[in-house]
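Visitor: Take this structure, written in structure tokens, and hold onto it; I'll ask about it next.
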Amino acid sequence: ATLADSFLADLDELSDNEADVLEEENNDVANMEEDIDGDLADIETLNYDDLDSVSKLQKSQRYIDIMQKVEDALEKGSDISNQGLVLEDDPEYQLIVDCNGLSVDIENEIVIIHNFIRDKYRLKFPELESLVHHPIDYARVVKKIGNEMDLTLVDLEGLLPSAIIMVVSVTASTTSGKPLPEDVLQKTIDACDRALALDTAKKKVLDFVESRMGYIAPNLSTIVGSAVAAKLMGTAGGLSALAKMPACNVQLLGAKKKTLAGFSTATSQFRVGYIEQTEIFQTTPPALRSRACRLLASKATLAARIDSTRGDPLGNAGKTLKEEIHKKIEKWQEPPPAKQPKPLPVPDSEPKKKRGGRRLRKMKERYAITDMRKLANRMQFGVPEESSLGDGLGEGYGMLGQAGSGKLRVSIGQSKLAAKVAK
């Protein structure tokens with residue numbers, strides 16, 4: 001009875017819990033429906049024809065404040081008086097962290113504007129987006145071409161590589177696009193101007209970060225150079241974010257999709273980001289560049305971890321790591337060691353320990369080649385041998401049976417061993 005009572009009590013508890021869970025689920029579903037309605041309302045209020053409703057970064061107060069500080073700092077130059085402060089307390093370091101965050105936001109904003117330009121310009125030249133992948137290059141080309149249908153009248157020299165210009169011109173001559181209406185074209189050109197302005201602002205932010213890299217990340221700057229260090233930090237979102245990143249991801253920071261326009265992929269370097277702009281990478285022979293890139297990424301990550309904890313403000317650790325990289329790359333380029341000729345073994349002129357005797361003679365007699373085998377191994381000149389399958393196939397009989405009647409007949413000499421066994 002007690003066991004049955006306990007089971008019933010458990011069942012009652014379970015049913016109570018189920019009621020609570022069902023109530024919670026109903027509440028969650030109601031909240032979710034409210035959220036979905038709110039999101040849909042937000043999406044409906046967005047006007048995709050208006051650039052200001054899509055791109056809001058340049059109007060934000062944070063963007064204006066940081067850009068103002070960056071311009072003031074670039075005019076003023078580096079402030080040495082704060083060198084003794086802890087890195088986190090330094091206002092200049094805080095500005096650099098803000099700059100890194102802003103540069104990531106600028107990149108995202110450029111992608112949003114790029115999508116806006118692409119959607120508008122697709123009616124005029126739908127194939128262009130597959131030929132020019134980079135958003136800034138795309139914006140420059142769109143601004144240059146405008147509504148012009150004959151691309152021979154448009155000079156794209158300096159905006160794109162000559163091979164891509166050729167492909168774009170050929171594609172434009174067969175495109176199915178139509179000229180854009182004046183108001184749509186104007187919106188597209190405004191979006192291009194905004195993307196280019198954001199790109200200029202991003203360059204300015206990177207210039208500022210680069211000018212302060214010797215103080216913020218001395219070891220990282222020693223290995224990859226201050227320009228590349230600033231780009232790595234900007235893309236990663238700060239020095240601490242870069243320090244937490246694995247080396248394989250650092251190697252890919254800044255990697256872009258290459259537009260090869262039908263040319264061979266053999267000469268192009270894939271899976272290489274900003275690290276390919278370093279001096280060490282450029283001076284490495286092409287065959288070793290992928291290995292050098294992995295090595296640089298791993299050592300740069302170590303240097304970033306040292307810098308994020310202010311482990312070596314003078315940059316000595318960076319110099320040591322850079323020397324290690326140079327030594328390893330030099331070691332890779334050394335020719336393999338010459339193959340040494342193998343000397344012959346020393347001849348042993350001493351007499352053999354083994355001697356003849358009755359037992360050895362018996363063994364030789366036991367394993368000696370028979371007369372029949374001797375004849376089978378021998379061939380007579382100009383006389384074809386018989387074989388087990390005929391026509392020279394199978395096992396050959398050599399001179400067996402060639403003496404007279406054509407039968408396989410061999411006189412067997414009396415073997416002393418056989419006589420002994422018979423006894």
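Cβ atoms here come from the backbone N, Cα and C positions, even for glycine.
Since we're looking at a predicted model, the values are computed, not measured.
Just lifted these from TrEMBL, have a look:
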- 15-42: coiled coil (COILED)
- 334-348: compositional bias 'Pro residues' (COMPBIAS)
- 352-362: compositional bias 'Basic residues' (COMPBIAS)
- 216-334: domain 'Nop' (DOMAIN)
- 329-362: region 'Disordered' (REGION)
Visitor: Averaging the per-residue pLDDT over the coiled coil (15-42), what integer do you get?
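Guide: Averaging the confidence scores along the coiled coil (15-42) gives 51.
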Visitor: Excluding the flanking five residues on each side, which residues at least 6 beyond the ends of the region 'Disordered' (329-362) place their CB within less than 8 Å of a CB in that stretch?
Guide: 280, 284-285, 288, 291-292, 295, 417
Visitor: Where DSSP helix means H, G or I and strand means E or B, what are the helix, strand and coil counts for the compositional bias 'Basic residues' (352-362)?
Guide: 5 helix, 0 strand, 6 coil
Visitor: Taking DSSP states H, G and I as helix and E and B as strand, how many residues of the compositional bias 'Pro residues' (334-348) are helix, strand and coil?
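Guide: Computed counts for the compositional bias 'Pro residues' (334-348) are 0 helix, 0 strand, 15 coil.
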